[in-house]
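Heads up: the structure comes next, in structure tokens.
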Amino acid sequence: MRPSLAELSVDDLASVLAQWGYKRSHAGRVLREYYARCGELTEAGRPWPAGLLERLRIEFAPGGTALAARQVAADGTTKLLLRLADGRTVEAVLMPDYRADRAAGCLSSQVGCAMGCDFCATAQSGFERNLTAGEMVEQFLALRREAASAGRKLQTVVFMGMGEPLLNLDAVLTAVRRIADNTYGGLGWRQVTVSTVGLVPGIDALTAADLGINLAVSLHAPDDATRAALLPAGRRFAIADILAAVDRFQASRGRPVIIQYCLLKGVNDSAAHARMLAAVIGSRRMHVNLLHYNPTGLSLRGVRYEPSGDEAAAQFLAELRARGVVTHLRRSRGPDIDAACGQLRAKRGELSVQS
């Protein structure tokens, strides 16, 4: 099987080119073109050295990831089912921005997920394997290509799809570098967000990497007991320890950290829960995203969760804002095609090809 250019660094490719008798300096141009043209190499632009493109096309696959299916929601959100070289599948999502020429992308970091969050569809599929950096890059390129076909620019990406990014941190960081750095994808560091359920060692490792990216933490409860029932990771790391790790990240980064909070009817959505959350956050510079729960059927524990009503969600929002917490109530993107938060499962039988 031919390797993918998405798996290579500039130094990796430079060594290959040198073995072929080409200048090492061509490697940077090859990869810049590859990323700018969404995973393709063409004759456009200034001439290439004789035979180089032909040799690259022979030795390297455009990518090991293929589009298996595509589905478009009523709100314009597009979900891609991508088949990996080993036959496994993952999902990536493109979300149109309110600006007509922009879009955001959601990337997966693993096939399945081992975190077992009780209200998440991905958890019900279990964990199969980590994605390579190149497989994550190929998701990015697929979404960039999808955005371009719709006349949009892929402006930001979030690692919030299938999997826990901090359990695949080395590959995720490599993918982030390839996506953000001008040598490769050129998206920009501040345009990348990595999400976690709150794995303290992983947050500290992300801090040590010092990449200038954004951090989002899926909290989903203001107290340890409620959180432990919803997220098994809550039994390993107390909220106080998670926020201490977030403080260390923020001290080196200087930008607000995002707190993700999925509102579940009768579970974590009362005014008292909101006041507890505000107290936990205190004076920290955080932005809370309140998420509408997207039903996934019975949970791992056999619970049928329901989304909070509009009145409860509005009251929760008001309680936080009244206490000085920057808060937004996010609308679901693509729930009608199971593309919204917590709905990704990568089942081919549930996704049909649409044009």
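Each Cβ is built from the backbone N, Cα and C atoms, and glycine gets one as well.
Taken from Swiss-Prot, the feature active site, proton acceptor applies to Glu91. Residues annotated as disulfide bond in Swiss-Prot: Cys106-Cys341. Under the heading [4Fe-4S] cluster binding site, Swiss-Prot lists Cys113, Cys117, Cys120. The S-adenosyl-L-methionine binding site annotation in Swiss-Prot covers Gly163, Glu164, Ser195, Ser218, Leu219, His220, Asn294. The active site, S-methylcysteine intermediate annotation in Swiss-Prot covers Cys341, and the record cites sequence analysis as its basis.
Locations of recorded Swiss-Prot features on the structure.
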{"residue": "Glu91", "record": "active site, proton acceptor", "CB count, 10 Å": "26"}
{"residue": "Cys106", "record": "disulfide bond", "CB count, 10 Å": "28"}
{"residue": "Cys113", "record": "[4Fe-4S] cluster binding site", "CB count, 10 Å": "25"}
{"residue": "Cys117", "record": "[4Fe-4S] cluster binding site", "CB count, 10 Å": "23"}
{"residue": "Gly163", "record": "S-adenosyl-L-methionine binding site", "CB count, 10 Å": "28"}
{"residue": "Ser195", "record": "S-adenosyl-L-methionine binding site", "CB count, 10 Å": "21"}
{"residue": "Ser218", "record": "S-adenosyl-L-methionine binding site", "CB count, 10 Å": "26"}
{"residue": "Leu219", "record": "S-adenosyl-L-methionine binding site", "CB count, 10 Å": "27"}
{"residue": "His220", "record": "S-adenosyl-L-methionine binding site", "CB count, 10 Å": "25"}
{"residue": "Asn294", "record": "S-adenosyl-L-methionine binding site", "CB count, 10 Å": "21"}
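Of all the recorded positions in the record (Glu91, Cys113, Cys120), the one with the smallest CA separation from Gly163 (S-adenosyl-L-methionine binding site) is Cys113.
The Cα of Ser218 (S-adenosyl-L-methionine binding site) lies closest to that of Cys117, out of the recorded positions Glu91, Cys113, Cys117. Comparing Cα positions, Cys106 (disulfide bond) lies closest to Ser195 out of the binding-site residues Glu164, Ser195, Leu219, Asn294. Spacing of Glu91 (active site, proton acceptor) relative to Cys120 ([4Fe-4S] cluster binding site) is 14 Å (Cα to Cα, whole number).
DSSP classifies Glu91 (active site, proton acceptor) as strand under the three-state reduction. Rounded to the nearest whole angstrom, the C-alpha distance between Cys113 ([4Fe-4S] cluster binding site) and Glu164 (S-adenosyl-L-methionine binding site) is 6.
Counting only residues at least six positions away in the same chain, the Cβ atoms of Ser109, Gln110, Cys113, Ala114, Met115, Thr196, Val197, Leu199 sit under 8 Å from the Cβ of Glu164 (S-adenosyl-L-methionine binding site).
Neighbours of Cys120 ([4Fe-4S] cluster binding site), defined as other CB atoms within 10 A of its CB across all chains, total 26. A distance of 11 Å separates the Cα atom of Leu219 (S-adenosyl-L-methionine binding site) from that of Cys117 ([4Fe-4S] cluster binding site).
Spacing of Cys120 ([4Fe-4S] cluster binding site) relative to Asn294 (S-adenosyl-L-methionine binding site) is 9 Å (Cα to Cα, whole number). Spacing of His220 (S-adenosyl-L-methionine binding site) relative to Cys117 ([4Fe-4S] cluster binding site) is 10 Å (Cα to Cα, whole number). His220 (S-adenosyl-L-methionine binding site) carries neither a helix nor a strand DSSP state and counts as coil. Ser195 (S-adenosyl-L-methionine binding site) sits 14 Å from Cys117 ([4Fe-4S] cluster binding site), taking the CA atoms of both as reference points.
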